[in-house]
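Student: In case it's useful when we look at the structure, here is the feature table from TrEMBL:
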BINDING   Gly68, Ala69, Ser70, Asp74, Ile100, Gly178, Asp183  ATP binding site
DOMAIN    65-249  domain 'tRNA(Ile)-lysidine/2-thiocytidine synthase N-terminal'
DOMAIN    292-322  domain 'Cytoplasmic tRNA 2-thiolation protein 1 C-terminal'
REGION    326-359  region 'Disordered'
Amino acid sequence: MEASEAKSKKQGASRLCCLCNQRRPVLKRPKTLQQICKECFYEVFEEEIHQVIVKNGLFKSGERVAIGASGGKDSTVLAYVLSELNRRHSYGLDLFLLSIDEGITGYRDDSLETVKRNELQYGLPLQILSYKDLYGWTMDDIVKMIGLKNNCTFCGVFRRQALDRGAALLKVDKLVTGHNADDIAETVLLNILRGDIARLSRCTSITTGEDGPIPRCKPFKYTYEKEIVMYAYFKKLDYFSTECIYSPNAYRGFAREFIKDLERLRPRAILDIIKSGEDFRIATTTKMPEQGTCERCGYISSQKWCKACVLLDGLNRGLPKMGIGRARGGANGDHHKETKKPASAGRSLESKQCGSLDF
């Protein structure tokens, strides 16, 4: 009888949260495989992000910070957690939501409704910029012209530049994005597969663009995608969960599936890949692209014309595939005899026609 009671107590204890040893566990953390309760999960999830922010000195008191908000799980959780941490730890930040409307019917129009609700829920001002207003094209228009292959190239280049312009309009000091550990591990693999040494050397940086007008930060650099989903689910956050209708054929999807397979075998594989990317060293004899400014718009570029200018020019000429693929030498601008005079380096982002693909 006593042995039976002791066994029952032992089984009961094993079913308690391994952190507080008081409440029943409701989940197994993907990162550590610990069985923990909701309350402890919230605490460790938020504290890990706080420590990343503090140890990397991501913000300074009084800064204006824009949160890239798509309405998806990553940006919604980022907006919620950053708002909470800003209040709890007195960061002293002025936070804003910045959304880009790519013009994808049935996808972005619906997700922007979520962002508008988040604006009210979190009390954060919202700025929305559209591809149509910035470039005269929507992604629906571009896909009609080019098809489903390579459309992500256009969207990625234009979206990055649109975020820069939106951040400039808001006059912020920093732009934060919801890129998580899975995203960064995927990018490391993609840059290795592409042999892209320039991007490989900086894709794991938690802050990029420090030499430009508006640095970008990734507070979720070490945060697993599964844990972001769990946090949003248990907190009952309002987010949009549908995938982009044009992304199933994206090259990144292959890297994503490979990362998921590795995670199933060994959860720490994601962090190990990021660590490998951080430890890469480029030989001093390797010739790296020299950053300059686009002759057409004055934005940062290693070619005569930045990638966005080349893509937009191709669209306007009816030659959308003209800018697809890696630029060589200075070819991006060599066939454009009518290029404008170089713009002043100090010209404001608000007046720029386009940006560069500078991840």
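Using the three backbone atoms N, Cα and C, a Cβ is placed for every residue, glycine included.
Tell me about the setting of these features in this model.
Tutor: Its Cβ taken as reference, Asp183 (ATP binding site) is surrounded by 22 other Cβ atoms within 10 Å in the chains shown.
In the predicted model, the domain 'tRNA(Ile)-lysidine/2-thiocytidine synthase N-terminal' (65-249) shows an average pLDDT of 93.
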Student: Just to confirm: which same-chain residues, 6+ apart in sequence, have a Cβ under 8 Å from the Cβ of Gly178 (ATP binding site)?
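Tutor: The answer is Gly68, Ser70, Gly72, Asp74, Ser75, Val77, Leu78, Phe220, Ile228.
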Student: Where DSSP helix means H, G or I and strand means E or B, what are the helix, strand and coil counts for the domain 'Cytoplasmic tRNA 2-thiolation protein 1 C-terminal' (292-322)?
Tutor: 14 helix, 4 strand, 13 coil
